[in-house]
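Before any comments, here is the structure.
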Amino acid sequence: MNNSVSYLTLFKTFLKIGIVTFGGGYAMIPIIESEVVDKHHWMTKEEFLDAIATTQVCPGALAINMSSMLGYKLAKTPGAIVCTLGASLPSFLIILAIAMFFHQFEDNKVVAAMFAGIRPAVVALIAVPTFSLAKSAGISLVNCWIPILSALLIWLLGVNPIWVIIAAAIGGYIYGQFIQPTE
């Protein structure tokens, strides 16, 4: 992990992430991973996966939480501020412009068609990092039931994700302490 990164580099990196990401926080994950893990090597894939898990249990938007956490990990409080500003500035400016002028375009068929085309692409942007993260998390045929059950509990039964994460953490602790064979 590179701890000597400049605030300007952090700001530019997260500004770029904010500019090119459409579809919200989950769509931002593969782009953040590409920049932070693959390109700049500021953290390992495992550290990135842990950061995602941690930010999931916090209230607020995933993109803001991820930017804040990664910024803090890289450059303490100023880094958190710089990364969060960089990631959120593009969407803030775009949403501000849309809010100011949307009423002029809300019935425009071209705009409606563009949004209809963007929505399915966003599903793919969310699905791709899921498989990448599953690989990093060591999901195998033996433990694939954990994310499947977690998703079903959240999606079908409406269980709050924090309870699913707490249950998984307790299960992991029990497995690691009492069940897993010693090497």
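Note that Cβ sites are derived from N, Cα and C of the backbone, with glycine treated the same way.
Automated prediction, rather than curation, is the source of TrEMBL annotations.
Annotated features, as they stand in TrEMBL:
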- 7-32: transmembrane segment (TRANSMEM)
- 52-72: transmembrane segment (TRANSMEM)
- 79-105: transmembrane segment (TRANSMEM)
- 111-134: transmembrane segment (TRANSMEM)
- 146-175: transmembrane segment (TRANSMEM)
Chain residues outside the transmembrane segment (146-175) and at least six past its termini with a C-beta under 8 angstroms from it: 53, 56-57, 134, 139
Same-chain residue ranges lying at least 6 outside the transmembrane segment (79-105) that approach it to Cβ under 8 Å: 5, 7, 10-15, 17-19, 28, 63-64, 66-73, 111
Surrounding residues of the transmembrane segment (7-32) on its own chain - C-beta under 8 Å, 6+ positions past either end: 40, 48, 52, 61-67, 70-71, 74-75, 78-79, 82-91, 118, 121-122, 125-126, 128-129, 132-133
